[in-house]
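Peer 1: Look at TrEMBL and you will find 32-47 tagged as compositional bias 'Polar residues'. Annotated compositional bias 'Low complexity' per TrEMBL: 55-74, in sequence order. Positions annotated as domain 'CBS' by TrEMBL: 694-757, 789-846. Taken from TrEMBL, the feature region 'Disordered' applies to 1-97. According to TrEMBL, the feature transmembrane segment maps to 165-185, 242-264, 300-317, 323-339, 351-375, 424-446, 461-481, 535-556, 562-581.
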Amino acid sequence: MRNRGKGAPGTVPVYEADEEGMIDITPGNGGLTNPNYTYSYSANGSRQDGVGAPSSGNSGASGGSSTAATNNGGSSIGGGEGPGIMSSPTHTRFGRDFHHSDHEGISFAGMTDTSDDIPGIGQYDDFHTIDWQRDIARDRMRHRYIVKKRQDSFWDLLKGAHDAWSGWVCVLLVGLFTGCVAGVIDIGASWMTDLKFGICPQAFWLNREQCCWSSNETSFDSGNCSQWYAWSEIFTSSREGFGAYVISYFFYIMWAMLFALLAASLVRMFAPYACGSGIPEIKTILSGFIIRSYLGKWTLIIKSVGIMLSVSAGLSLGKEGPMVHIASCIGNILSYLFPKYGRNEAKKREILSAAAAAGVSVAFGAPIGGVLFSLEEVSYYFPLKTLWRSFFCALIAAFILRSINPFGNEHSVLFYVEYNKPWIFFELVPFIGLGIIGGIIATLFIKANLWWCRFRKYSKLGQYPVTEVLIVTFITAVIAYPNPYTRMNTSELIYLLFSQCGISNQDPLCDYNRNFTDVNSAIEIAAAGPGVYKAVWLLILALAMKLIMTVFTFGMKVPCGLFIPSLALGAITGRIVGIAMEQLAYNYPKIWIFSGECSTGDDCITPGLYAMVGAAAVLGGVTRMTVSLVVIMFELTGGVRYIVPLMAAAMASKWVGDALGRQGIYDAHIALNGYPFLDSKDEFQHTTLAADVMQPKRNETLAVITQDSMTVDDIETLLKETEHNGYPVVVSKENQYLVGFVLRRDLNLALANARRIIDGITGQSLVIFTSAQPVQNLGPSPLKLKKILDMAPITVTDQTPMETVVDMFRKLGLRQTLVTHNGRLLGVITKKDVLRHVKQMDNEDPNTVLFN
């Protein structure tokens, strides 16, 4: 921590170069006490392990904390996670007799009940990293207190039972609300999408499918029935002809522009955080970062309404990714009903992980895939208890959505298909080929989208978000309408591409030279008719259009997801490959690869299966998911017997994607936005030491607080002249042995609280961080702040390899760790320092890391 003011109080020089400069800190008590501890004796002779013994011989405890940051990029400090790794035992209190009150045990800042005396202690500011270890320790202390009190009265027993069940009740409520919100969004998006094409005069609130339920007709012209009026029919009494086409075209563009304008305006005016998919930010939040209002009620409302509008506008986006954000908002809001989660950021993330699983569960109707998605892709800390609760939450959400039945069928999944033919062993070759193609398409998309988002961020375009949305919507609508495959809803397109060709399927994709004489007979393999070739060309145009428009759409200031566009790109590619394989088997049934299964004349190749595998390949390449992707795909389609093709395509896609570009789309956007995210999957392969990374550097001063010799004015001066988010507390300026660590926010709150409610506190009052009674003098009464002191901060030595330090930050969720040499405090390594160092080692710009 650099000291920004000259002569700031409490500064100490960095250690000298001599390696023999150890200080004897053994108390002169004849060897009757532990040499690692210093003791003070009260007037009655009882021993106290006082942190503030008047002698200068306090050997420092080491420890760790978590990160926060400064506005001007200065080094920053915070709290920690981990059971005192590599810490000197001097002040950790592990060696004392627990004959005092229960709260005299291991002292973490904000852990004890007394911390409630000062409002706000233990909370975090915006854009700060949480201290996992401190929060978990606070929860353990709270839990022990509740268990102990449970035997005192029946009321305390009830409170204990409520505390034990509150996690399950909370995820139950999250699942209920998420299922209800998802049902409303699905119904609303379906109605508004159909509004672009026409209206149901008898009941305008019904979409096209519901409007036609009451019709007695046996067949509909392209999904329309006499009950449903197209806009051209209302104005010209005709559905055919040039005039009708122009009117329909006009209304399609007009409604799309209106929906997009509403979506972008709502986001801009009420909830700027409601744009995008939200998954990169959810990953960052679950890794322990605070983004205030990102999971608030306004974000929830505007994102829910906005995703209906932006999907209905016909933009190349999906509502599945934003459902994860919406579910996390619900989880965050409901967690405040339970103080166990609402007041503890680390515990709250258990609820948010379960909520993310529920979001995927209702987006696709895939509860198991949702749990695995939360585990594999989103969550940073996922203990077994969270796995069970996520499973329960996803189950409840899927059950509620199934009860609402927004899809209007007997299946709760998005694209239920049934294939009655097993796949041929040789088909693994085209399946793996689809994986390779999917990885290439995904890499092209990621690189192009990042280039465009970077351009938007650093150019004037970023100042006109609503205009950009309207331009992209207009271009999308103009291009999309002439092509029936881009005009239709993307989910309908994917379902069509996944489907088998049967008697009832009238689409040109199924224009084969077949004679359906017997409904129960197997579908025979046949030559493709002219409709199939026309459909293939239209699909190729749709692939190019959707790829280009998704590049420009993802990242705009409207709610937009990436799952459905990725699935569509892959499904189009897969269906084209499937048709090619089918025609190859028809024209050359005697070659050895088809000779077994295709020689009977039955249709042995299923183009819809290729579409499904292709969809998994592109989505896997874009997101780099593997296990959760395969599970989502077979839950999504009901195709359990096709797990092996899906696995082969997903692995091939991931390998190709990793070879061509390191990051998936979410990690790339985290890096683009500069969020402080340490990916636990990355490896740190550099041979640097903690001394190379710590702040301050050699020959610079370290801002510290002494345990019993600084006044209120001294500390307030230090707070003004430096901008660190925490300060080590040492024995004295000359004796740099560590006593503990105190957060800037807690210190400010404690000083303000003391001046407000404690009489006799002035600028000359000593600030004491020890248990020992200060020497009585004629000055103002001292201010005791030991209760906000973290006495077990995690420390490392200056010779610790950075590989170990990075692992500690990842696995323990540290904000920072203190660096010592021969027990003396040297400096601090914050999470920001680690992130900057990693970027420097990877030859990237270290100043892109975003902190407060």
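From the backbone N, Cα and C atoms, a Cβ is placed for every residue, glycine too.
All TrEMBL annotations are machine predictions without curation.
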Peer 1: Spell out yes or no: are there three or more C-beta pairs under 8 angstroms between the transmembrane segment (461-481) and the transmembrane segment (424-446), with each pair 6 or more apart in sequence?
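Peer 2: They are not in contact.
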Peer 1: So how many of the residues in the domain 'CBS' (789-846) end up helix, strand or coil by DSSP?
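Peer 2: Helix, strand and coil residues of the domain 'CBS' (789-846) number 23 helix, 19 strand, 16 coil.
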Peer 1: Are there at least 3 C-beta pairs under 8 angstroms linking the transmembrane segment (165-185) and the transmembrane segment (351-375), leaving out pairs fewer than 6 apart in sequence?
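Peer 2: As far as Cβ distances go (cut-off 8 Å, pairs 6 or more apart), the transmembrane segment (351-375) and the transmembrane segment (165-185) touch.
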Peer 1: Which residues of the chain, 6 or more past the ends of the transmembrane segment (323-339), have a CB below 8 A from one of its CBs?
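Peer 2: Same-chain residues near the transmembrane segment (323-339) but 6 or more away: 166-167, 169-170, 173-174, 177-178, 181-182, 185, 277-279, 281-282, 285, 295-297, 299-300, 303-304, 307, 348, 351-352, 354-356, 358-360, 362-363, 378, 397, 559, 561.
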Peer 1: So what pLDDT does the domain 'CBS' (694-757) average out to?
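Peer 2: Summarising the domain 'CBS' (694-757) by its mean pLDDT gives 85.
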Peer 1: In terms of Cβ proximity under 8 Å, which residues at least six beyond the ends of the transmembrane segment (300-317) contact it?
Peer 2: 181, 184-185, 188-189, 192-193, 195-196, 252, 255-257, 259-260, 262-263, 266-267, 270-271, 274, 278, 323, 325-326, 329-330, 333, 472-473, 476-477, 480, 487, 490, 546, 549-550, 553-554, 558-562, 564-565
